[in-house]
Amino acid sequence: MDALCGSKFWDSNLSVHTDSPDLTPCFQNSLLAWAPCFYLWAALPGYLLYREYHCGGYIVLSRLSRLKTVSGVLLWCVSWADLFYSFHGLVHGGAPAPIFFVTPLVVGITMLLATLLIQYDRLRGVQSSGVLIIFWFLCVVCAIVPFRSRILLAMAKGKISDPFRFTTFYIYFALVLFALILSCFREKPPFFSPRNVSPNPCPELSAGFLSRLCFWWFTKMAILGYRRPLEEQDLWSLKEEDCSQNVVHGLLEAWKKLQKTTARHKTAVSSGKTVSGEDEMLLGGRRRPQQPSFLWALLVTFCSSLLISICLKVAQDLLSFVNPQLLSILISFISNPTAPTWWGFLVAGLMFACSMMQTLILQQFYHFVFAKALKLRLAIIGVIYRKALVISNSAKRESPVGEIVNLMSTDAQRFMDLAPFLNLVVSIPLQIILAMYFLWQNLGPSILAGVALMVLLIPLNGAVAVKMRAFQAEQMKFKDSRIKLMSEILAGIKVLKLYAWEPSFLEKVEGIREDELRLLRKSAYLQAISTFTWVCTPVLVTLTTLGVYVSVDPNNVLDAEKAFVSVSLFNILKIPLNMLPQLISSLIQTSVSLKRIQHFLSQDELDPQCVERKIITPGYAVTIHNGTFTWAQDLPPTLHSLDIQVPKGALVAVVGPVGCGKSSLVSALLGEMEKLEGTVCVKGSVAYVPQQAWIQNCTLQENVLFGRALDPKRYHRALEACALLADLEMLPGGDQTEIGEKGINLSGGQRQRVSLARAVYSEADLFLLDDPLSAVDSHVAKHIFDQVIGPEGVLAGKTRVLVTHSISFLPQMDIIIVLAEGQVSEVGSYPDLLGRNGSFANFLCNYAPEEDKESLKEDSRPALESTEDEELLLIEDTLSNHTDLTDNEPVLYEVQKQFMRQLSVMSSEGEGQGRPVPRRRLGSAEKALQAAEAKARGALIQEEKTAMGTVKLSVFWDYAKAMGLYTTVAICVLYLCQTAAAIGANVWLSAWTNEAMVDSRQNNTSMRLGVYAALGVLQGILVMLAAVTLTVGSVHAARSLHQALLHNKMRSPQSFFDTTPSGRILNRFSKDIYVIDEVLAPTILMLLNSFYNSLATLVVIVASTPLFTVVTLPLGIFYVLMQRFYVATSRQLKRLESISRSPIYSHFSETVTGSSVIRAYGRSQDFQAISDAKVDANQRSCYAHIASNRWLGVQVEFVGNCVVFFAALFAVIGRNSLSPGLVGLSVSYALQITLTLNWMIRMMSDLEANIVAVERVKEYSKTETEAPWVVEGSRPPAGWPLKGEVEFRNYSVRYRPGLELVLKNLSLRVRGGEKVGIVGRTGAGKSSMTLCLFRILEAAEGEIRIDNLNVADIGLHDLRSQLTIIPQVWSHRAAPCHGSKRVQRVLGQSASAL
């Protein structure tokens, strides 16, 4: 290099050992000028390859683009001017050094390349090029040194020695600075972009390079979330490559390819052929695969992402070891009073630069890996969903609905949780090797003692973790028992109140709760031991290593450099060693999930070619020739030797005894059974009405339309034919009423009619009706047959196959197919079959008596004289015994009673006027208005309140009181003492390193080690005491909060349970109590740990360098602002993510249940799109939350990096008054604050999110309660009631305040011993009278007296325990399974009474 330059390349006296450093002209003109060029040429191939596959469209030639191009061209001209100037000097007898030819040539070509890249990026739609920004930045940085050197040289000489090159350099510097500024601005969005146009696109797509690097593009949402609660419409759309459709397609393709390869491999192995190399590679080198590897499919799909994330993590790991080395240099600098000051400033600057690079790389790594983890979960969910739509019936027996939903929720989530840790497989060995290397360089073989101790602690932590998992598993059993019992209590709360059983069940629940808390306490104590080892580990490892180091050789001197650099390296080493057991545990858990998912995806699928849909005998809609079918290969055939031909437009009945295969025949026509032999041909589209109606959780209209466009006339005709118009008038929102899961708020008859209306609206060619008339009353069945199915119905002319037991409709059939034992015994018309006197005649004999009874019932009714009467009967069917609205669902039962009261009013008004009540048909606008008014006026279930904004301080105060105020103060004091002990231990270590040496040795080594060990163990003991105290307090809080909630709910009036869904109450006893039990205490522990560590860092730095107080205030203000912005936004994003997660699993469960209907209507693709949309909706909030964490990470770690920088900077400034030990202490503390500050905000956010559980539990612990169970001083006499006289005096009652009276001024008297019957129309108040006797309903006015004692004056249990009732609807789930003698005795009495 000296020959190339004609001068010296490196001069340490000029560059290092001087107070005014500079670089040699050769170094400046060669390496410094070439560095940016080397970078650009090295990055070019990878950049071009990436852009080849990522085209964003085309950007017009804007003013910004022109300026960038012009600056590039000018730089090229300047470089070539330097080159020609060198040639000019050579021609005129000069002898320029070769470097003056090489450097302008290299720089000129590179500038031309940069100019071409500017235009290439524009043509590829790149709005901001990171490669070029880094290039221009390097050009500016590398030009700063020559910029200074040339000015100093000119000032030193008093003149400019080479004016031309001096001028061209400063023009070059101005141009590269201008190019850097221009590159920071992004171009306009490209035209002809392949991306979908979205109303709210993710700003990351159009963000500049710096914005992406620092996550500034998220700032707008952070501000919006701070100003007001975020809503779903505020979330950005997903990037096209992150959408379900694209991600699932990639994994599905890889999986299908593996399946085909495995099938070919099996065929080749069985036939003895060789396997191709490609197949061998796809199968991962396995010779005899039993089934394709889902893991291999995942690797093929996400391999590139995994490699990129590993590269980012390795870069961050390497950078993490730079700061300890810089700390070593800084301590050496402080120890050397003669060292130039600029060394210290350079080290401080390098520390800040290294920390910022580490922050940016780490946050980019986390963003990339968590985004890919989301895509991994999305892909797995999509593949499982698609498989569930085509899985065979034999496979469904092995994988029930609950298990498949578990695959989507739990197992897919495990893959997502593992994805960020997969890089640790490479990262952990790398960090351990590097840490060991640097420690060995620092302390030699002594480090093996410390490492051995860390390794020995791993099994201890593992054993504690195993024991904790065992306790948690046992605790979960008690938790499940408690939740199950609470579910039973809520389901049968009315029965409990009627029989005054609350104390028995209260005692039962509290007994289970005590067992649960006992295990929780044990688990928490183990956690305290784990915390003790975690805190003591750094101190013990440092103690062991340093103790061995100073003991093995008296000449080993412990100075600040060795001590604090070793402490920093041990802190780095501690993380991978502690992560290793977690990684192994996660890998084991995920391997189990992998096997489960792979087993499910390898299950048999339904054969789409089982039913031929293209070729069929002319004139027929359905033909089966010699068909034999089974539900599973390992089961005997259900149907065999079937020969059936159904002409087009025929009405066909399939009849036969129970279990003969009627429903199986319909399933065979749908392709749901496995065909063993024969052919099945079906012509045209199919509509299917299953025996058990499948209803979606959406509006009634959407259930009927089933994805088709709305045709008002056809829609109205379908509703009218299926007798649903009358139901619409009763439903609160008409056809816009949302139907609950599994149609819970519809009766059985309504559900079946909605299912039938769906088929009618579809206007299919073939209708397969699997006994749809069995779920409705006989008069409704007649209406449906006449209006829909029969020869005069709306389906007349269509091919209809009806499975039925109703023989009254058989004479109207074109063809009747009689099945017996899975075979066709007879086929023909009704008269033909009657004449044969065969199996059909036997069938009629078996079912005719029931039909006769039904017909007698029908005959006994008055003739239906008008349409209104028929509608009234149809409404009664809505509320008939077929309904699922039982007393077990109080809310729905209340709706039923409201319906009944409306009927009563209608009937009574009609009777009063002597004629039916005419009904005015409403227009659509009026109906919509009335539906909205009805919803607002008569809403039974109130929307659950969701807290907005910050959590009130009163909630934290409530939890502190529940823990115990003394306990809370003790925890804080113990943590404060632990922090003081930790500071003391490190200050002692600092003093040890500064100790004066005698004969090159340190005295008092034993005392130093002993005190350091004592302080280390003391802080471990204090932390363990704090953890134990927190455990005691949290268990006490969990007990008191649960007890208050349970006692309040047991004393809540029945009206509360009528208006509050049981799921909402159960959620308090399950999820919220779980958070209070197991989440709050660890969160508080980690928050306190982070807070006191941050406090200790600030105290140490300020004590070491008081000048640091100057920057403390601005950094603190910035930190608090970031915390407020983040917590407000993160809280709402978590809420939105939680809200959008449930519909995914609900929809999946619903899909699996109705998969046969979905396939029959050919809507599999539509349902896949619906599922993808729901998953994408969840991904939107998840992605925003991930971005919020990365945004926080960059901002907060910037504060931490500033702390490191200023701690080092002020140490350099005050080097004359500081000892090396104090500087090492200060900076080593500062190096840990980055993670601590970030973690503290995360824990504050988590605490605020989780403390809401306390608020929700307290809310339901303070609701209004019913009257006291026992009123002392007003108890009934012994043996009351003696006579049993009951008297109502002017008694009125309503169900709840604000509702109408259901009993009005009722007065009656029943003498003792009388048998009294109470009759009346539906909703007249018969049941209400009995509820009043037990004071389930309290009087609005008047009184009830039993044996002349006012029941309102005595306690509820004194009253209810002396009365007996057999409820109208008995809850079999409440109480019989529990061992209370009193419960069993009363049940026995009730059974005998029945």
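The backbone N, Cα and C atoms fix where each Cβ goes, glycine too.
All annotation found in TrEMBL is predicted automatically rather than curated by experts.
According to TrEMBL, the protein carries these features:
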type	residues	note
TRANSMEM	31-50	transmembrane segment
TRANSMEM	70-87	transmembrane segment
TRANSMEM	130-149	transmembrane segment
TRANSMEM	169-185	transmembrane segment
DOMAIN	307-589	domain 'ABC transmembrane type-1'
TRANSMEM	342-362	transmembrane segment
TRANSMEM	418-440	transmembrane segment
TRANSMEM	446-466	transmembrane segment
TRANSMEM	528-552	transmembrane segment
DOMAIN	622-846	domain 'ABC transporter'
TRANSMEM	965-989	transmembrane segment
DOMAIN	969-1249	domain 'ABC transmembrane type-1'
TRANSMEM	1009-1032	transmembrane segment
TRANSMEM	1098-1121	transmembrane segment
TRANSMEM	1198-1215	transmembrane segment
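Sequence-distant contacts of the transmembrane segment (1009-1032) (same chain, six or more residues past either end, CB-CB distance under 8 Å): 521, 524-525, 527-529, 531-533, 535-536, 539-540, 542-543, 546-547, 550, 967, 970-971, 974-975, 977-978, 981-982, 984-985, 988-989, 992, 1081, 1084-1085, 1088. Counting Cβ pairs under 8 Å to the transmembrane segment (31-50), the top-ranked stretch among 130-149, 169-185, 965-989, 1098-1121, 1198-1215 is 130-149. Relative to the transmembrane segment (169-185), the listed stretch 130-149 leads the set 70-87, 130-149, 1098-1121, 1198-1215 in CB pairs under 8 A. Same-chain residues lying 6 or more positions outside the transmembrane segment (130-149) and placing a CB less than 8 Å from one of its CB atoms are 22-23, 25, 28, 32-33, 35-36, 39-40, 43, 47, 114, 117-118, 121, 169-170, 172-173, 176-177, 179-180, 183-184, 209-210, 212-213. Same-chain residues lying 6+ beyond the ends of the transmembrane segment (70-87) with a Cβ under 8 Å from its Cβ atoms: 96, 100-101, 103-105, 107-108, 111-112, 114-115, 118, 164-165, 168, 171-172, 175-176, 178-179, 182.
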